[in-house]
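**Student:** Got a structure for you, questions after.
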Amino acid sequence: MTQYGSQVKRLAYTYVKDVQTAENIAQEVFIKCYKKMHHLKKNNAVKAWINQITVNKCKDHFRSGWIKNLNLNASFSHWLRGSAPSPEEEYSKKIQHDELTKEVLSLPLKYREVIIHFHFQELSINEISELLKIKVPTVSSRLKRARQMLKERLEGGPK
């Protein structure tokens, strides 16, 4: 752990963008490494093995229930609507926030995950591509479709 601890925390942080969560993931990684050390075939591949476990633990985190407690920021909501808030919009901010959260969480998984990783976890398209093991153009396409779906839903269009 002393040799790879900071590296694992940094890698986890690049995915989850939260220090406490990254530290928790690092602990889980080292527990798994300890339990599965006998599966390691090459001692010179330890770093790559630990990195892969870290990435997998980050993916597990994204698949877990943390997403249901996601707080979407207001600037993304306004970006979707394409305008600055009026006094009336400020008054209904909470309702809009709840509606946006509900709509993001109701998207099909392949669209929801790219929206969340890009806009809320602030991962780059390349990082999302690596994390989800899909091609960069696929990430871009899903992101565009997810934004369009959200815009239609928020404007009262087809679901």
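Placed from the backbone N, Cα and C atoms, the Cβ positions cover glycine too.
So TrEMBL lists the following for this protein:
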type   : residues : note
DOMAIN : 2-65     : domain 'RNA polymerase sigma-70 region 2'
DOMAIN : 99-150   : domain 'RNA polymerase sigma factor 70 region 4 type 2'
**Student:** Can you tell me how the residues of the domain 'RNA polymerase sigma-70 region 2' (2-65) break down into helix, strand and coil by DSSP?
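**Tutor:** DSSP classes over the domain 'RNA polymerase sigma-70 region 2' (2-65) add up to 55 helix, 0 strand, 9 coil.
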**Student:** If you average the pLDDT over the domain 'RNA polymerase sigma-70 region 2' (2-65), what number do you get?
**Tutor:** 85
